Amino acid sequence: MARFAALFLALLAGAHAAAEIPGCKIRITSKALELLKQEGLRFLEQELETVTIPDLGGHEGHFYYNISEVTVTEMQLTSSELHFQPEQELVLQTSNSSLGLRFRRQLRYWIFYDGGYINASAQGISIHTALQLSRDPTGRIKVANVSCQASVSKLYAAFEGTFKIVYQFLSTFVTSGMHFLLNQQICPVIHHAGMVLLNSLLDTVPVRSSVDNLVGIDYSLVKDPVVSTSYMDMEFRGAFFPLGQGNWSLPNRAVEPQLQEEERMVYVAFSEFFFDSALESYFQAGALQLSLVGDKVPKDLDMLLRASYFGSIVLLQSPAVIDSPLKLELRVVAPPYCTIKPSGTTVSVTASVTVALVPPNQPEVQLSSMIMDARLSAKMALQGKALRIHLDLRKFRIYSNQSALESLALIPLQAPLKTMLQFGVMPLLNERTRRGVQIPLPEGMDFVREVVTNHAGFLTIAADLHFAKGLREVIEKNRPANTMDSGVPSAPPPSTAAV
């Protein structure tokens with residue numbers, strides 16, 4: 001028994017160790033479903049207006065009839081509800097909806113013939129459909145299955161013309177036949193809309209994409225979405241990587257971000273790992289270095305370096321070297337790291353600062369090398385669907401790694417170097433971070449009215465959603481050229497349509 005218990009605990013520990021900690025989480029709450037329902041119903045109405053009904057023909061005694069060219073003129077989805085359902089489902093229910101039809105009638109009785117067009121309406125349409133959401137092998141959220149039940153309560157047709165009385169006699173056969181066919185056509189349209197068209201919309205969510213020419217971002221889902229009655233949680237890897245090192249990965253040892261609230265439409269959480277992976281990726285890509293030569297070095301700093309601390313060193317150089325352009329090189333020596341606390345977010349950086357003269361057509365003459373420690377404050381903001389960061393220099397110090405005496409001699413350089421960083425380097429950094437990185441949302445959807453809250457080890461952003469583009473516009477733009485190539489059945493099994 002003890003051996004079995006030990007084995008069970010070992011398996012449990014192994015399973016727990018294998019679980020990947022997400023760097024980013026997104027929660028969609030039931031508050032967002034009203035907005036999604038409005039846009040989704042508009043799209044579904046347009047799709048159901050494309051319902052195609054085959055021709056209907058038959059005879060009763062010597063009367064032969066044919067119904068053809070059936071078209072949907074109008075679709076109205078009235079009473080509806082969209083809600084989350086555990087087991088990874090999003091459920092849409094509509095009732096008491098109506099649909100307008102127009103079709104061509106043809107009647108023959110012996111040698112008599114009558115034809116024309118008829119307006120009809122289907123009343124009491126009820127639809128119950130559930131979209132099962134899951135993670136596909138690439139880590140993308142997908143509609144994995146669509147279940148559907150649809151029924152039409154009544155169908156009315158206004159028969160007119162020479163054989164109006166005959167048509168009214170035969171209306172039971174005609175309307176019951178169309179009633180059956182209409183029932184059979186609603187669910188295939190909904191199935192196609194979910195499995196093909198909505199999945200083409202979800203294909204616009206970035207999974208593994210480039211941020212710029214140096215770094216990419218991995219937004220793969222680490223597991224299937226978790227759905228409760230009031231929200232849906234999605235956990236993403238949320239890891240940056242240098243584009244030149246495709247297999248590179250950084251272990252995630254940060255605190256797992258937590259989402260507790262449900263008052264706003266959407267919540268996004270980022271752990272320290274999310275930002276640390278970005279900082280290390282840029283470090284690995286060799287982007288965290290800067291060289292200022294000649295006119296790029298602020299004049300007051302150039303004069304101070306030449307005249308004060310490095311004056312005696314400069315005087316030892318040959319006349320051709322003394323008047324050479326000055327070079328100031330900053331190179332980050334270790335990956336910076338991010339610290340998130342309720343009081344704010346900081347980025348810690350350690351870099352080497354090298355001062356040298358650059359005589360034309362001669363090797364550089366190094367004057368000194370020092371170490372710089374800097375602490376930057378970081379303010380996060382969501383604009384559209386881009387996470388943007390603004391950095392400010394808060395703390396700064398330089399020291400020598402050679403001797404304490406040399407560190408004391410560097411004190412006069414603290415102020416001018418800090419000024420140079422504030423006005424020369426920080427604007428360059430903020431120009432890059434202002435571009436932002438996209439949050440995994442479908443095309444056409446943006447965040448609005450965001451509020452950032454810091455916690456211990458992670459931060460959360462509460463926001464509402466806004467459709468910058470209509471659902472129809474985005475889907476038409478990304479609609480598969482040939483749905484037969486999508487690998488998804490265009491229609492559900494016949495049993496899913498309730499007759």
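Placement of Cβ uses the backbone N, Cα and C atoms for every residue, glycine included.
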Checklist entry - From 126-147, 478-499, which range did TrEMBL mark with region 'Disordered'? => result 478-499
Checklist entry - Among the disulfide-bonded residues Cys148, Cys187, which residue has the largest number of other Cβ atoms within 10 Å of its own Cβ? => result Cys187
Checklist entry - In this predicted model, what is the average pLDDT of the domain 'Lipid-binding serum glycoprotein N-terminal' (27-245)? => result 84
